[in-house]
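Here's the structure we're looking at; comments come further down.
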Amino acid sequence: MPQRELAGDPLARAHLHAVPGGDDGGATGREGHVLIDMPERTEAEDPLRAGLRAAVGDPSHDSPGPGDRPGRGRALWSSAWPKLTAVAMALVVWELVVLSGWRPEYVLPGPGAVLGRLWTDLLAGDIGVAAAITMKRAVIGYAIALVAGVSLGLVLARVKVLRTAAGSLLTGLQTMPSVAWFPLAILLFQLSEAAILAVVVLGAAPSIAIGLLTSTDQVPPLLVRAGKVMGARGFALYRHIIIPAALPGFVAGLKQGWAFAWRSLMAGELLVIIGHAPSIGVRLQFSRELSDAEGLLAWMLVVMLLGVLVDGLVFGALERKIREGRGLTAEHA
Amino acid sequence: MSAVLPHAPLSVLSPSPAPVALRLDGVTKRHGAGGDAVVALDTMSFAVKKGEFVCVVGASGCGKSTMLNLVAGLDTPSAGKVTVAGERPALMFQESALFPWLSVEENVAFPLQMQGLSRKARAARVAELLHLVHLDKFAKRRPHELSGGMKQRVALARALAQQAELLLMDEPFAALDAMMRDHLHSELETLWQKTGLTVVFVTHNVREAVRLGDRVLLLSSRPGRLVAEYQVDLDRPRRIESPEVARLARTITDRLLEAARAAA
Ligand SMILES: Nc1ncnc2c1ncn2[C@@H]1O[C@H](COP(=O)(O)OP(=O)(O)OP(=O)(O)O)[C@@H](O)[C@H]1O
Ligand SMILES: [Mg+2]
């Protein structure tokens, strides 16, 4: 047995001197081959593991050594380059389509022109103004959806009869394309802010409610039993066991809810034009009416970028933090 | 040295002056209903005296975990009665059942938190317990960063933290190396002697049962029945390698094999 593997573990070291070779019921193999667990290594001895830990930004590792800094930068780069490559490839394909002359450039401009336009609009402040209007709606709509979804989920989780009755209805709501709500919303609320918000809420709330229901259903019974044995009952059981155990699934529901909210919002802004509020949707629509293909594509990029940004920076980061803290990161990732 | 009582005149029936910590009276537990019901435990009766260390051995699937769950109050018997003196017993599950969102020290502190102890009081107690299971250095880690054996040690520390009068343990040391197991055997024994704790300890390892127990109960499988009990009158501390332990373990193992053949 190599000496190196025994460093740092007093018990294992002790064992080296105390190998009894005696038959003690399964722990010894044939002829004095002692089958023990490999001693646990500390990071000081295992730079590979320390590096890995730094790379995933493990939140439980609260004393970052001096060696962690470059590791973090490298990790950022290693997660960024595939995305950058993908973007570059998409731009190349786009440019090739334009160069093929499939459509004239005033209908389908190339990436250079569109990115240039994006930059000027950004500098002019147009994008900031539009994004502010749109994001305000997104945040308000999503907040209402959050409250509605969580309340609905909690009620259904507590009342079994309602659950069986409303369960399939909720799935129906979730699968229904939210654009289909607009005619009704416009009838009810006219062409107003309220019509847009109503559809955003209807789009996002079912996902949030379903996420809450499935995540609480999937809490391992063993953990609930463990909590009960140690004296967690009633509200304490929810607070200390069920909610934290359900958190990863709930956040997945929140993330999906955001995707639905964003889609509903874009559909809403295209259908419900409120002239005095130059939102992203309004700008898109105006670009089309003016046959301004360059502007249209630039605004589409804004929609995409905002959606990805919120998804990644808010929900993705939240999800990653929770999953990594519990060792739930996918093996194939 | 040891009294072998096949088809036991059970200790329930013998008048004993010592107060009883746990009593099962004709406890039957069926899992499921109708034709598919599995009788996990069949009219089981025994009593454990206060301060006694009782080990339970039996083939896999004979209802040992089922019995502990009933005693812990996590399940209700289909028939019969379970009586536990004092308050809620502590249960160390067969799987470590640690909370993945809490660090090692927060896991161990959990029962103390439920008892309403202050943060400061918890910290001192947790440090002590982690030292006992040799995991001081891993206090801040999350359960997924530990090996199977280390998880079991955390679970042991957490069960001990509860400071219950009755400690139920379900194959607690199955995943440990021989060194660590011997260490925890003597720590558990010392703690038990010091505190007057009552222990019900389930294991597959007959030698371990003889090493630790005042008494060893032997269950048969399908349905789970109490078929024999053995008084272990060896001086403590015992050594798991000692010939006396080996001899009694051999006797119990023979009886266990006989029970398995009868069940087949
Ligand atoms: N929730 C359940 N539903 C149905 N059957 C169950 C359930 N739990 C246990 N059983 C059955 O009851 C019997 C006893 O199970 P139990 O877990 O108590 O065995 P055990 O003695 O602890 O076994 P092991 O030593 O392998 O842990 C088994 O036949 C098992 O299949
Ligand atoms: Mg079991």
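Just so it is clear, glycine is given a Cβ too, placed from its N, Cα and C backbone atoms.
Annotated by TrEMBL as transmembrane segment, the relevant range among A:115-134, A:235-254 is A:235-254.
Between the transmembrane segment (A:140-159) and the transmembrane segment (A:266-284) there are fewer than 3 Cβ pairs closer than 8 Å, counting only pairs 6 or more residues apart in sequence, which means the two stretches are not in contact.
Contact between the transmembrane segment (A:165-189) and the transmembrane segment (A:266-284) is supported: at least 3 Cβ pairs lie under 8 Å, counting only residues 6 or more apart in sequence.
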